[in-house]
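**Student:** According to TrEMBL, the record shows the following:
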BINDING   G445, P446, T447, G448, V449, G450, K451, T452  ATP binding site
COMPBIAS  664-674  compositional bias 'Basic and acidic residues'
DOMAIN    79-290  domain 'Lon N-terminal'
DOMAIN    738-922  domain 'Lon proteolytic'
REGION    655-707  region 'Disordered'
Amino acid sequence: MLKFLTPTAYASHHVTPATRFRSTPVKNLLFKQLTLLTGWNRSSYELGRRSFSSDLDSDTKSSTTTVSTKPHLDDCLTVIALPLPHKPLIPGFYMPIYVKDPKVLAALQESRRQQAPYAGAFLLKDDASSDSSSSSETENILEKLKGKELINRIHEVGTLAQISSIQGEQVILIGHRRLRITEMVSESEDPLTVKVDHLKDKPYDKDDDVIKATYFQVMSTLRDVLKTTSLWRDHVRTYTQHIGEFNYPKLADFGAGISGANKHQNQGVLEELDVHKRLELTLELVKKEVEINKIQESIAKAVEEKFSGDRRRIILKEQINAIKKELGGETDSKSALSEKFRGRIEPIKDKIPGHVLKVIEEELKKLQLLETSSSEFDVTCNYLDWLTVLPWGNFSDENFNVLRAEKILDEDHYGLSDVKERILEFIAVGGLRGTSQGKIICLSGPTGVGKTSIGRSIARALDRKFFRFSVGGLSDVAEIKGHRRTYIGAMPGKMVQCLKNVGTENPLVLIDEIDKLGVRGHHGDPASAMLELLDPEQNANFLDHYLDVLFVCTANVTDTIPGPLLDRMEVITLSGYITDEKMHIARDYLEKTARRDCGIKPEQVDVSDAAFLSLIEHYCREAGVRNLQKQIEKIFRKIALKLVRKAASTEVPRISDDVTTDTEETKSLAKTDLESPETSAEGSTVLTDELATGDPTESTTEQSGEVAETVEKYMIDESNLSDYVGKPVFQEEKIYEQTPVGVVMGLAWTSMGGSTLYIETTFVEEGEGKGGLHITGRLGDVMKESAEIAHTVARRIMLEKEPENKLFANSKLHLHVPAGATPKDGPSAGCTMITSLLSLALKKPVRKDLAMTGEVTLTGRILAIGGVKEKTIAARRSQVKVIIFPEANRRDFDELARNVKEGLEVHFVDEYEQIFELAFGYDH
């Protein structure tokens, strides 16, 4: 670090008695101005005080400080080289360094004893192998560098430094003049001794205008630097009695020394012998200091303003509160809050549980003791706000009238008789018990089948408030149980928020998307918290972590539930709607809602049954009706646009009262309009005269002055449906009127309800021992295994029925399932695959209009499958007349609605031999 040199500093560092200072008054006006300036220390090395010696510049005789040394400085041509790791020593400054090497330290002490206390200080060069080094790494490098290695790592230009004092390993150096290394004297490693030349500044013209201007600019910039900080002001006043006038070289060194420049920039100033260029380098450095100081000052000012503004607001707020309290006009905020909370609980005090009331009273007392500015005050206020806003003792009067509930369910939903029956059972049990609690209903089914609306209907039937929240993707237990009160922005759980929103203690809560509940994480396990909430044995004592209050809730949930949760629920499955049900829903519910939402009158549009049927079959095959609702809304939006455009383009202007009109002309105009109706390109357009039944002269009276109003009606049927909803999304599933040899229709369950699925098998090549099966159609692992089982069972059956038929043994076959882009998996296509293989081997097509489904074992047993209703609906859609189901699914089929089973010939089998007779025995 660089420091100014002062008498105090000399005394503290045991400077030799030969060094003395003169206290001649300073006459330089420029320097007197400099005494008003200040500086600072931003570098990692302390900047000290400076002393200018008469020996620093032999050409300058105006120095006020004289340093007497023995021998003379000019005689110091051989010196010990001391490496400086962090910053060069600028002449006129002093620097403490630490010497670890005992040999070097002993040599320096010997030089002091011999009245030659001088050494050379040279900056260490950067290591090319590393970008930056820490202080400890630099010290380790210095310990390793010796002799030639050291002289190659230091700069040639350095400073002749006087050894002011040595205290332990600390050596104080005072910079005097510039040196340049010429050669190394000692070949030994320690200490490094070098021969040097004393460098003098290049001659310069003191009266040169450019040099003068640069000099004054440096002085002015230094003044700006020292004005922006107060750290150096006191020091500069002390130095004025010891520092002489600043000539050009001294000013350049002074500016570089006190600046926060890095070591390379300071080394550049040290090596520069041209005084004008040195001043320019110093000017650049001090200019940077001015900018940095301005930034520091602005930051400090902004911070100070912020803190002073906060303090001012606090003081003003306290003064306002004191004035209001003194005048008696208003109470303080704590009293007002307490009165508000007490006002909430006073009317319902007898309904609040005793332990809850006790907690409220304790919190109110604590509120009075807290300061309004404390964080605990806000936490307590928020806690009391939730405690007092809950609907304590406020219950909805439940209605257990089963006939009324049945009527409401029929009004809101068509079909779903099994679902409605189960809900009515639930309400009936509640009526007998006097409460509907105890069972958790889980409505499970595809999207758009009406799970949420059924929950809303149950709440309406029971006269309960309805609250819904989704837990899809929920991973934070605090959303269910609430945050701890100590957290900033803490909120209660969803159940408590529900009670506040609905205003009663017994709402019907629908928890949606519970199958998409988040997984366990660092925020806890939401499934476990939900289990505690929904379990009838636990939710009576459910503890909300925010309020410490016991409460009860019921829940309706959807889809697949985690195992422990599903065990607590009674699942009601909504498998979806068949075509007939969708027709009724579209006509009785969706059409009316869409027409009302679009602002269209019933007489302005007519959608035929054929259009609805085509819309359901070719656009909306999903199990639910949400997509059907979107398509109907799309139709009515397009019609609304056409009506508005038509009205804007054919608007008939009103006839003003002050204009005389001819009645006959008006009648003729109306007659022409009625006789020439426009026809829409999309369908029939009908124009009707709303005033046809009235007196014809009424439309031409001067009081009304209007032409007869007409209504344009749009007809939507199957022929123009594509103009409103685009091209059909689904085509006919039935590819063959009569399935050819090797092709059999199967039945599959899909996310949209169900569909038919063809299994195709064909012959590839024949050869001795080439029997094999190639499978395509993007099948899953289970379905591939079913194909292998089917191949084995088919070979066994053919061996029993036609031993001479060697198709499976000597032929390579290819089995394909169409719709290759659609992933398929499941075991229920086993019997269909066997039948397809046998059809190819027998060269005989299967029975017309036949579809089948069922899992097959290696012994030919037919096992149960799922999705009976969906597969039955898919078969009806493809005009299938005969269906084969496993015997184990007879009960599932019997539970289907009569209109679903109507017109179908269904066979239930438990052995494949029965399927063989049904598929190939039709000619008997």
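Each Cβ is built from the backbone N, Cα and C atoms, and glycine gets one as well.
Where the annotation comes from TrEMBL, it is an automatic prediction and has not been curated.
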**Student:** Give the mean pLDDT for the domain 'Lon proteolytic' (738-922) on the 0 to 100 scale.
**Tutor:** 90
**Student:** Report, as a single number, how many Cβ atoms besides its own are within 10 Å of the Cβ of P446 (ATP binding site).
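**Tutor:** Excluding its own Cβ, P446 (ATP binding site) sees 19 Cβ atoms within 10 Å.
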**Student:** For T452 (ATP binding site), which residues in the same chain are close in space, meaning a Cβ under 8 Å from its Cβ, but six or more apart along the sequence?
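**Tutor:** Looking at Cβ-Cβ distances below 8 Å from T452 (ATP binding site), excluding near sequence neighbours, one finds R468, L510, D512.
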**Student:** Taking the Cβ of G450 (ATP binding site) as centre, how many other Cβ atoms lie within 10 Å?
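**Tutor:** 24, counting other Cβ atoms within 10 Å of G450 (ATP binding site).
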**Student:** Suppose we draw a 10 Å sphere around the Cβ of G448 (ATP binding site). How many other Cβ atoms does it contain, all chains included?
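**Tutor:** Around G448 (ATP binding site), other Cβ atoms within 10 Å: 19.
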